[in-house]
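Sequence annotations record features per position, and here TrEMBL assigns transmembrane segment to 12-32, 44-64, 71-91, 97-116, 136-156, 168-187, 194-212, 224-243.
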Amino acid sequence: MQRLFTVGRILYAIAILSLGLEHLIWGNFPIALLPFPAKFPGRFVVVLAMGIAFVLAGIGLGSLRLARQAALWLGVLFLLLVFYPHLPILVTNIYNGGAWTVLTELTALSGGAFYLSGTLSQSLKNRFDPAVFGRILFAVSLLIFAIQHFMYAQYISTLIPAWIPARLFWAYFVGVAFAGTAVSLLLNRQLKLTTGLLGLMFFLWVILLHTPRTMAHPQSEPEWTSLFIALAMSGISFAFAGFEEQKVAAFRTNPLASY
């Protein structure tokens, strides 16, 4: 299962590095993911700094020696981006489904980074806080995604490729999958199964949904951003699944220790 954890970490690293390259290639923030005001002071400089930070974080995550520190700082950065610019936007209109989506995506990315930071610690005692915090953040994110799938099932079904039958059913099915995995994470039970299946689902989205849409609209930054977020979510989920068996083996002699 170490291999699956490593695959998850590398997928997450590729996604983060790619998000950084987006900043540098387009010379702008990803429109939906980071909606900074047009008149934000020093906007272009911040765009470049953010892009370089993501690229360096992606490279760091790909290096086992630097991954823990890179993941920790990335988790902090994503959490700060939740509070600004997203939280003020959401507060002005709490019924804005799009605002909820991108805020929740950043929360999930932050949770994944904190979890990786905790699980990559060389000392077992140092794993607990960031890993637990990351697990809870990721679980809460999935719960919000689940609620959105139930609230906006009709719209979400239109995003599913036309060749897939019963699209409304799959919109609800994914909502149930999100909710089930969230409960599993909160209870810290059956993580290997639930997060492994979640990682597979996100990876299938990358192949079946996001890649065709991106290839059809290669100049669309939002399509590329959606693809990289799905890839990151797949990586986070695989990291949870891959580490679960390692965790069980490491703590087998101490049944009171758990995440």
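Note that Cβ sites are derived from N, Cα and C of the backbone, with glycine treated the same way.
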Feature contact check the transmembrane segment (44-64) with the transmembrane segment (224-243), CB under 8 Å, 3 or more pairs: no
Within-chain partners of the transmembrane segment (97-116) [C-beta distance under 8 Å, separation at least 6 from its ends]: 9, 12, 32-33, 35, 61, 67-68, 71-72, 74-76, 78-79, 81-82, 86-87, 89-90, 130-131, 133-142, 144-145, 148, 151-152, 229, 232-233, 235-236, 239-240
Maximum Cβ pairs under 8 Å to the transmembrane segment (12-32) - stretch from the list 44-64, 136-156, 168-187, 194-212: 44-64
Tertiary contacts of the transmembrane segment (168-187), as residues 6+ beyond its ends and Cβ separation under 8 Å: 135-136, 138-140, 142-143, 145-150, 153-154, 156-157, 160, 193-195, 197-198, 201, 237, 240
